[in-house]
Amino acid sequence: MSLEIVILAAGQGTRMRSALPKVLHPIAGKPMLGHVIDCARQLQPERIHVVIGHGADLVRERMAADDLNFVLQAEQLGTGHAVAQALPFLSADQVLILYGDVPLIQLDTLQRLLAQVTPDQLSLLTVDMLDPTGYGRIVRDDQGAVQAIVEHKDATPAQRQIGEINTGILAVPGKRLADWLGRLSNDNAQGEYYLTDVIAMAVGDGLVVASAQPLDAMEVQGVNDRMQQAQLERHYQRLRAEELMRQGVTLLDPQRLDVRGEISVGRDVLIDVNVVLEGRVVIEDDVHIGPNCVIRDSVLRRGAVIKANSHLEGAELGEGSDAGPFARLRPGSVLGARAHVGNFVELKNARLGEGSKAGHLSYLGDAELGANCNIGAGTITCNYDGANKFRTELGDDVFIGSNNSLVAPLKIGDGATTAAGSTITHEVPAKNLAFGRARQKNLENWKRPEKIKK
């Protein structure tokens, strides 16, 4: 059967106390709405409709994609009214209704829910709670069949004792939806059009109301304030940490790892505490990552080592290479096999060949280094003249003395050496020694300045 999905994302989220629409607040570095959309896409629907209201322009701008149809709910008059805004666009056999502030919903749960939908049967997602205060209750008859959903504010004292609650997630036969939504009333405590009222209508029309429950109740936990956002963030991170450990990663403290993207890992990887992985990160076998590191959109080849307090973005570390402690590798940085950058070294769009080393206190930008080069402490590639950037190219086996300024554009040939303290402005041929500093002078009988007596 064909499927369309409606995601409700129009709410203001006043309890977040934020100018940012609630559905754009992040979980694991991604907007909550983005998590829901990604899960919805896995179901391969005909189309995904996103109902927007508060901050509509910003939500549309941030989440724009060819497979999304944004539908405006100008007034927030309830969930039933929100779904009704999408009715003109719906024609599928099944319609699944999701929520933009319920970011941890899982594919398996939705597949089980949809499997129960037929032309004469709808399915809703429920969960049992010890404290169901504030949630709509699932009312069943003596045979256990679902009869209705009663919102907390409208529930009787007896109904408020029910522990099974409505998550809001619902899958219905598409051809029935327009009729049910057209019959909704706002005669209730909140003066809103409740989507949940379609359950009683379906029962009255002779349909069967099936139900399913998630394997993990946190899947259907919504976010209404910063505390709930933090709770879901930690739960999400715990799940990702467990997933990594099942794949052969040693986490020295699973509670002190943050994963904010798509991570591919090999075996026998070790990750120390307070590590943040963002974007697309590939970690091959036997990689070690030290504490307090941030790694974004990078590739770490087999046996690479990232030492403490290092920051990598858009970088690639070759097999057996190492970086840090306190190294910064910016986009376009590549370390060849067994290359090394040490403490307080910054690379930007720079490639170090196999076995090359920059031990400490250096900046290498827009540079290409051959194999087995040695970069002395305090070396800087002067790659920017205030208007344009230029490259520095070193051959193999180049030795750069300490405290050098390499003024680009510049080429240094194989086996060349530069003296400590040099400013190199012209090409250095292979195997040459280049000096670029003032000659030392010694003044005899020099007397140090003395303090002026007051």
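Every residue gets a Cβ built from N, Cα and C, even glycine.
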Quick check on the annotation: Swiss-Prot has A377, N383, Y384, A420, R437 binding acetyl-CoA, so which of S356, S402 does it put in that site too?
S402
What is the biggest Cα to Cα gap, in Å, among A377, N383, Y384, S402, A420, R437, the residues listed as binding acetyl-CoA?
22
Largest tally of Cβ atoms lying within 10 Å of a Cβ, found at which of the binding-site residues L8, A420:
L8
Could you state the whole-number distance in Å separating the C-alpha atoms of A420 (acetyl-CoA binding site) and N374 (UDP-N-acetyl-alpha-D-glucosamine binding site)?
13
Write down the Cα-Cα distance for A377 (acetyl-CoA binding site) and N224 (Mg(2+) binding site), rounded and given in Å.
52
On the DSSP side of things, how many residues of the region 'Linker' (227-247) fall into helix, strand and coil, could you say?
20 helix, 0 strand, 1 coil
Please name the residue among the binding-site residues N224, N383, S402 whose C-beta has the most neighbouring C-beta atoms within 10 angstroms.
N383
